[in-house]
Amino acid sequence: MDHKNSTVVTEFVLVGLSQNHKIQMILFFFFLLFYMTVLPGNILVILTVWEDSQLGSPMYLFLANLAFLDICYCSVTPPKMLADFFSHHKTISYSACMAQLFFLHFLGAAEVLLLLVMAYDRYVAICKPLRYTSLVNRRVCCSLVGATWGGGFLHGIILLAFSIHLPLCGPNILDNFFCDVHQLVKLACANTYTVELLMFLNNEVLIIMCFTLLLISYTVLLLKFWTQPSKAKNKIASTCISHIIVVLVMCGPAMYIYALPFQAAPMEKVVAVFHTVIFPLTNPMIYTLCNKEIKASIWKLVSKHIFWCGI
């Protein structure tokens with residue numbers, strides 16, 4: 001790509017979700033109410049796992065890490081989006097755009113990889129219960145969590161490296177409420193076919209690979225479901241249902257957005273809102289609602305603090 005005739009872009013203009021002021025205010029209060037309701041729930045999940053010694057198994061450590069990842073993930077684009085609802089000229093600096101892009105893909109990839117780790121944990125627990133403590137011990141658990149963060153960082157840094165080298169010659173309007181590779185590639189002033197292909201493969205291979213492995217894992221668990229006694233069936237069904245819902249919620253929108261290499265998809269902004277704002281904060285809630293132990297521990301923790309506040 002030739003950079004000789006490219007000018008330096010110092011900021012980008014974000015089109016946002018809507019140009020109508022009334023709609024913007026409705027969206028602002030909706031998202032704010034959602035955050036005030038669901039964000040404390042994720043923090044509560046982390047505190048519960050941290051304080052309750054009975055929730056020391058890898059499954060709950062993974063769940064706490066998922067809640068933390070989701071909180072971080074939902075701190076990348078929503079704060080800027082909420083602030084822009086009150087701005088007539090929505091802009092973001094070049095460096096902030098690159099940072100937003102990096103952390104969005106870094107944390108998103110880490111979360112998808114963590115779902116793979118959680119699927120492996122449930123597979124071992126259900127299919128190889130006698131070997132569970134040796135296959136998923138504390139050291140292995142920490143190594144797997146570290147691997148998810150490392151894999152996410154590698155994915156994010158690769159996309160960042162490609163994005164930084166895109167030649168931008170002046171047009172700086174991004175048709176979205178956040179920075180992503182789709183919009184940046186459209187602004188490039190050179191033939192970006194090779195870069196587009198590499199970015200597409202980096203995104204799509206990760207998503208499809210993880211989604212395929214997750215489907216295989218839960219298919220095996222569901223087959224195991226039919227051979228178990230009724231009491232075990234309920235536990236397996238509860239586990240599979242919650243995990244499958246989260247997998248579809250996370251991977252479905254991601255595959256929709258990145259399915260075609262840098263071509264706009266219908267309703268892309270709406271899907272992006274659910275993918276980056278709504279769904280991540282609901283993931284730990286889905287797991288929590290399907291787990292009696294953690295629900296009991298959360299209620300115990302809340303009751304304890306209400307009691308002490310009452311005194």
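Every residue, even glycine, has its Cβ placed from backbone N, Cα and C.
Note on the domain 'G-protein coupled receptors family 1 profile' (41-287): mean pLDDT across this stretch is 83. Feature annotation from TrEMBL assigns domain 'G-protein coupled receptors family 1 profile' to 41-287.
TrEMBL lists 23-47 (among others) with the feature transmembrane segment.
Marked as transmembrane segment by TrEMBL: 98-120 (among others).
Per TrEMBL, transmembrane segment is recorded for 140-164 (among others).
Here the transmembrane segment (205-224) has long-range neighbours at 109, 112-113, 115-116, 119-120, 122-123, 126-127, 155, 236, 239-240, 243-244, 247, 251, 254-255, 258, meaning same-chain residues at least 6 beyond its ends whose C-beta is under 8 angstroms from one of its own. Feature annotation from TrEMBL assigns transmembrane segment to 205-224 (among others).
If you look up TrEMBL, you'll see 236-258 (among others) marked as transmembrane segment. Beyond its flanks by at least six residues, the transmembrane segment (236-258) meets 108, 111-112, 115, 118-119, 122, 126, 182, 200, 203-204, 207-208, 210-211, 214-215, 218, 221-222, 224-225, 228, 265, 268, 271-272, 274-275, 279-280, 282-283, 286-287, 289-291 of its own chain at Cβ-Cβ distances under 8 Å.
According to TrEMBL, the feature transmembrane segment maps to 270-290 (among others).
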